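Asks: Take a look at the following structure, please.
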Amino acid sequence: MILTDLTLAQAREGLRAKKFSARALTEAHLAAIEKLNPRLNAFITVTPELALAQADAADRAYAEGEAGALTGLPLAIKDLFCTEGVRTTAASRILGNFIPPYESTVTAKLKDAGAVFLGKTNLDEFAMGSSNMTSAFGAVENPWKRRGDDTPLVPGGSSGGSAAVVAARLALGATGTDTGGSIRQPASFCGITGIKPTYGRCSRYGIIAFASSLDQAGPMARTVEDCAILLGAMAGFDPKDSTSAERAVPDFAAACRRGVKGLRIGVPKEYAVPGMPDEIAALWQRGRDWLRAAGAELVEISLPHTRYALATYYIVAPAECSSNLARYDGVRFGRREDGADLIEMYERTRAAGFGDEVKRRIMIGTYVLSAGYYDAYYLRAQKVRSLILGDFTNAFAGCDAILTPTAPSAAFAQGEKMDDPITMYLNDVFTVPASLAGLPAISLPAGCDRAGLPLGLQVIGKPFDEETVFAVAAEIEAAAGFSASPTLRAGSGA
Amino acid sequence: MSGYTLAGKTGPWELVIGLEVHAQVISRAKLFSGAATVFGAAPNSQVSFVDAAFPGMLPVINRECVAQAVRTGLGLNAAINLESRFDRKNYFYADLPAGYQISQYQHPIVGRGVIEIELADGTTREIGITRLHLEQDAGKSLHDQHPTKTYIDLNRAGVALMEIVSEPDLRSPEEAGAYLRKLRTILRYLGTCDGNMDEGSMRADVNVSVRKAGEDFRTRCEVKNVNSVRFVMQAIEAEARRQIAVWEEGGVVEQETRLFEPARGITRSMRSKEDAHDYRYFPDPDLLPLVLERDWVEVLRAGLPELPDAKKRRFMHDYGLPAYDAGVLVAEQASADYYEALARGRDGKFAANWVIGDLFAALNRTGRSIETSPVSPAALGELLDLITDGTINGRIAKDVFEEMVESGEAPGAIVARKNLRQVTDSGAIEQAVAGVLAANADKVAEYKSGKEKLFGFFVGQVMKAMAGKGNPALVNEVLRRALS
């Protein structure tokens, strides 16, 4: 048995049945990390001692019959979640050697459930990017390769490190965050499953903010059920986050077994964008066929404001980021570059600490909030955002979930699309609308393109109806029977 | 209209004044964090990770601060907005940890209100309140701790402030002073701000413009962060005189922010309109709109204390006080409470005279507040009773009171120990009168020839002969008889 090949659910069964120890499971993953991470660069920080200590505690818990939902299961944490006593970077130089004296609510919940943390995963700087190319700690390499081509591909972003780690079997699951597609697009690029839950489902406390009205934590794993198990542990009301929802957390894993019989699945005509690769169009069609075959009714829906979503997102998100990132000023924590006076200290610190993409978004955000431009940009964008939400509300009057492709392409090569930010931003075209509307949305691998790279389908649900999203995704997962695996992975001898 | 004007070369100028008062909310914790708010604590000892804007930290509104703002709004006879919002006001400064202040820009928690001010001539005026909103205070930059470095103290960062904005209804420094004092009185009654301008828990920005009678408003300037009532009044006059000079010299007053220099009695430019910050206000995405339930507001309303205007009316009605006395007594809750404890069951005007006269003088002299008065209402009441029942006369009572201030001894004990009981024995008085008249035969003759104001001299001499203890009414009566 190759322990790193197990799904999270299988590993949990194994631990419960005492087929192997949590220590053995953790050691297998640490060994895989040691072997593959130098190439993948998917972890910024690996914490083997902590992981082994947690694994030993997990073994004691199993021995004493006190195991929780995730006891002994090795996970990777996106380096945007503050972890007490463990360096947290947001993949930026500006945080320097910042070691948080507090734990994010989501990671605290995972710890409480008994999870083992292997380390902190790489990401686009401050979660701003779709390729992981903007990390101050270097690019992450996608474990997948085009058939017969060793060109390093991007894992997507911003949760590219987490996606690569899960795909390469260096962890059973990982946390991600999604602002405009940062869980779903890398999940699609790396052939894994990731869900962005409803805004407010998971606490944002202790997650380094990019765009507060959009940021949402979610799990990334190799199966729909694994994501459901992880989300069950991550979600829940938190009095420390005013935007977290005071709602009970349903049994998401049970929802995976509901089936889709009688469900109405919406297919938005506006997502059939010109220039969509035929492989993706074909995959989308297959998804519809699978669901129809499983007893769902397919309905065409219209989301007329979809075409404005990307423009809206690239006003709202930078506006919030320009304000959220003002605190990185060299005064209280993180990196400081001395200057002759306060202003020079700010300028030097921020010039040295932030990368180009972060600077670009801070400047865009500052511009759209400026006197004289606020109404034309920020206020207009907020109005369009309401219209986009209205589109979904109308559509959900006639359907239970929406099926779309996750991304307009498979993973591209490192260095591609770097010349023009707009081309890069187009990666988010299918994921951004659900983000703007705060809706739950999952991406799962449903097939491969001609080069053998994975392609994802996205299921979008009603607010706080992750259960239906899981039910539909599980049905697609079963029908697709996706079994391809990446070139670079633990246990493959690569 | 008070008719106040400043004279310029071109004739009289009217003043138009509006005040923005920042009042620190009395609450145990800060507006969006659980950190404490005690004044004078060691630097950076009352700072949470939220206050210091550490990565991933989120604000959570403190319900008590909201309640205090609502109470204040109710106390200012103002509309309470059941839905309000928090915005971010973005600017960089070392003592502003997040790089933005959370404030209420477009949708404040309290809307229009009004307060009544009283002027020295006894007239009253209503001054409009434009709005009250909640916001965070910033920290403090300490520039004097090191030759080249600035130190930052974040104890104050995140403390709740109420910004209370008046309409441009004020027309003189006196009115501005009366407005500030009245506002402070109301806040103290409500227990929502201690009004302590020395400690910075109440600060004022003053908007001033001048105009000729009958004109619309001219350009105003804002004088920032004035920290006493007296300085506010001085700053208004100084700024108005500056603007008058500018206009009269053919210049144009530019809208700008200025600072008052008390030592020189002038205002100086801080930044012009062109240099004004672009604060890039936008709704804070970390906070949901603040929605209040009407029932909760009504509970707060029901729990409000009696406010100074109502108390003043009641004092006038229940204790028969003139408006002036009642106004003086209600200016501080503690004096009003003291007075009521004293006046209950006694002559109201008599009690008011003693509190406003002798007691306030004694407190002033000894540098004590009414809360720490050496003479309790019960002790002063006992003294008043000794006067009323004729045990001592008013003159002796003044001496007894001074003893009470000195020693804290009970008035009855002082009277007994020093044998100060009033002499009402007419025989003893007649004897003293006879002695005085005999010793002053020349003055008696003058009196009888028409110099009647000598009567007072004889009263004084008789009282002196009786060591002050004579019953004044009897002394008068006996003297009048003897001299007729």
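Here the Cβ of each residue, glycine as well, is placed from N, Cα and C on the backbone.
Pulled the feature table from TrEMBL, pasting it below:
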- A:25-469: domain 'Amidase' (DOMAIN)
- A:LYS78: active site, charge relay system (ACT_SITE)
- A:SER158: active site, charge relay system (ACT_SITE)
- A:SER182: active site, acyl-ester intermediate (ACT_SITE)
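Can you tell me where each of these features sits in the structure?
Replies: Secondary structure from DSSP puts A:LYS78 (active site, charge relay system) in a beta strand. If you take the C-beta of A:LYS78 (active site, charge relay system) and look for same-chain residues 6 or more apart in sequence within under 8 angstroms, you find A:LYS120, A:THR121, A:LEU123, A:SER159, A:GLY161, A:SER162, A:ALA174, A:THR175, A:GLY176, A:THR177.
DSSP gives A:SER158 (active site, charge relay system) a coil state; it is part of no helix or strand. Every protein chain shown contributes to the tally, and the Cβ of A:SER158 (active site, charge relay system) ends up with 35 other Cβ atoms within 10 Å.
Of all the Cβ atoms in the protein chains shown, 36 others lie within 10 Å of the Cβ of A:SER182 (active site, acyl-ester intermediate).
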Asks: What does the structure give for the C-alpha distance between A:SER182 (active site, acyl-ester intermediate) and A:SER158 (active site, charge relay system)? Integer Å is fine.
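Replies: Each residue's Cα considered, A:SER182 (active site, acyl-ester intermediate) and A:SER158 (active site, charge relay system) end up 5 Å apart.
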Asks: Can you tell me whether DSSP puts A:SER182 (active site, acyl-ester intermediate) in helix, strand or coil?
Replies: coil
Asks: Which whole number is the mean pLDDT over the domain 'Amidase' (A:25-469)?
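Replies: Averaged over the domain 'Amidase' (A:25-469), per-residue pLDDT gives 97.
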